[in-house]
Structure formats: C-alpha cells, structure tokens
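Asker: Take a look at the following structure, please.
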Ligand code: SAM
C-alpha cells in the first residue's frame, strides 16, 4: 500500500531563519509538528559559487539597488528539485509585487497539489531570465512593496495550510469565510448578549436557521457591495436576497 506524501512548501530564501516563524505556532504549527504538512526552507546563498558567496549584482542598464543573479537562483531552484517525483509537477511561485494578486481561489488550487516551490525575492528583484527560464508564476499579496518575499511567502503558506484536511477544528469553517463564495463574511457575534448597550441581532438567537442564513447572506452582499464593488460585480444575482437588500450594515443592532 502506498501512502501519499504530505503537502509540502519549499521556500528559497536568503533568510531561511525566518521560517517557520509564525507558522510554527497555533493551527499551522500544530499541523506542522504532527506531519500534516512539511516545510523546507533552503538558503539561496548555498548555490553561490564565487569565494565571496555573492548572490546579487548591479542592474544591467544602471539604476539603484542590486538584482538577484540568475545563475545563483537557477542553481538553487534546480537543486531544490533534485529527487522530487517528476510525475507530481509543483507550481513554482515567485513572490512579487508585479504578480497576479493572490486570491482564495488560487489558494484552494494550491492546496490540491503536492505544494509549491516558492522563491522569495530581495533587493530590486530577480533577473528576468530565471523567471522566464524556470517558468516562475509571479504572485503578489497586495499593492504595496515589502522588503523581501519572505513575509509574503509566510502569508501564502498560512492561507494554504489552514485549508488542509485536519488543520482547522471544523472543516466547514473554511467554506463560509470571506471570498469562499465571492463575498465578504457577514458580521459575527458571541456572548455576552448585551455589550455596551448593544444587543446581538435578534434573528441570530431566534433558532430559525433559514432566517439566520438569509440574514447572513444579505449582510454579506451589502458589506461586499459597500467595501468591494469589484467583487460584488462578479457575484451572480441570487433572488430574492440581492434585490431585497436595501441597507448597508452600519447598525449592527438591526434584526
Ligand atoms: N523593485 C521591485 C518592484 O518595484 O517591483 C520591488 C522589490 S521588493 C523591495 C523585494 C522583494 O520583496 C520582491 O522581489 C518580492 O519577492 C518581495 N515583495 C515585495 N512586495 C511584495 C508584494 N506585494 N507581494 C509579494 N512579494 C513582494
């Protein structure tokens, strides 16, 4: 009988000591310790060949900063793939502010394979020839610039790991969250029933599951329309909630 290998993230970085970092605690940390997933942080500098172990050089054509060398990074990627099962092709990602923005849909896809190889850039970025030659998919975690790809890689891995079977206490909690159906999540409440004079919306304590579901859907739609019209435009209209919803959820006390 063959057992399948756990989902695995291989990270290429100049700072392997940044891993597992926050992924070593809580849900992800427990799952890592129990073998639900694996993490391999590889030092790009180990593939440097000159006596100074240099990994970067000045940009061709001039300009500020330094660029990660193609020969060093390509050798690091090739070394990371030695001994990998070639029948299970892994996505090769490059964390990059120029990349396609990471979405929950892409995160779900990434959990369905063997797990990605992730390159963390530094300096001004990496030589384009290694992006093209090694088929790296550029992935951004938002329209801002970090000093390196490591924090972006940690965010991407965290988003994947929490969806792996057995990581979240209740598997269903991954299916009702923001973005899972193209909407932002509805507001959540818990005890105490009355907080600073504000009660939990009555409908949530009514015990009527159909009404609760309809209320949550309407709240999700209103919140998405108010905050993320870009997402809202992509949601298929579902009668009657979308048409019937008039208010934005400013007043959390409404029922
Ligand atoms: N010169 C690059 C540019 O303008 O696009 C920015 C380089 S940034 C200082 C260094 C590295 O941080 C990048 O190569 C990338 O790996 C990572 N990085 C920065 N911002 C990111 C973002 N929003 N998403 C993903 N990775 C990011």
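Keep in mind that glycine also has a Cβ here, set from the backbone N, Cα and C atoms.
Since we're looking at a predicted model, the values are computed, not measured.
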Asker: Quick check: of 121, 133, 135, which does TrEMBL put in the same S-adenosyl-L-methionine site as 141, 142, 143, 144, 145, 146?
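Answerer: The record-listed residue among the candidates is 121.
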Asker: Going by a 10 angstroms cut-off between Cβ atoms, which of the binding-site residues 121, 142 has the sparsest surroundings?
Answerer: 142
Asker: List those of the binding-site residues 121, 142, 143, 145 whose Cβ lies under 6 Å from any atom of ligand 1, in sequence order, or write none if there are none.
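Answerer: Listed by sequence, the hits are 121, 142, 145.
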Asker: Would you mind pulling the longest C-alpha to C-alpha span across 121, 141, 142, 143, 144, 145, 146, which the record has binding S-adenosyl-L-methionine, in angstrom?
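Answerer: Output for S-adenosyl-L-methionine binders 121, 141, 142, 143, 144, 145, 146: max Cα distance 16 Å.
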Asker: Over all shown protein chains, what is the count of other CB atoms within 10 A of the CB belonging to residue 141 (S-adenosyl-L-methionine binding site)?
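Answerer: By my count, 20.
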Asker: Who sits close to residue 146 (S-adenosyl-L-methionine binding site): which same-chain residues at least 6 apart have their Cβ under 8 Å from its Cβ?
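Answerer: In sequence order, the residues whose Cβ lies under 8 Å from that of residue 146 (S-adenosyl-L-methionine binding site) (at least 6 apart) are 97, 152.
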Asker: Can you count the other CB atoms that lie within 10 A of the CB of residue 145 (S-adenosyl-L-methionine binding site)?
Answerer: 7
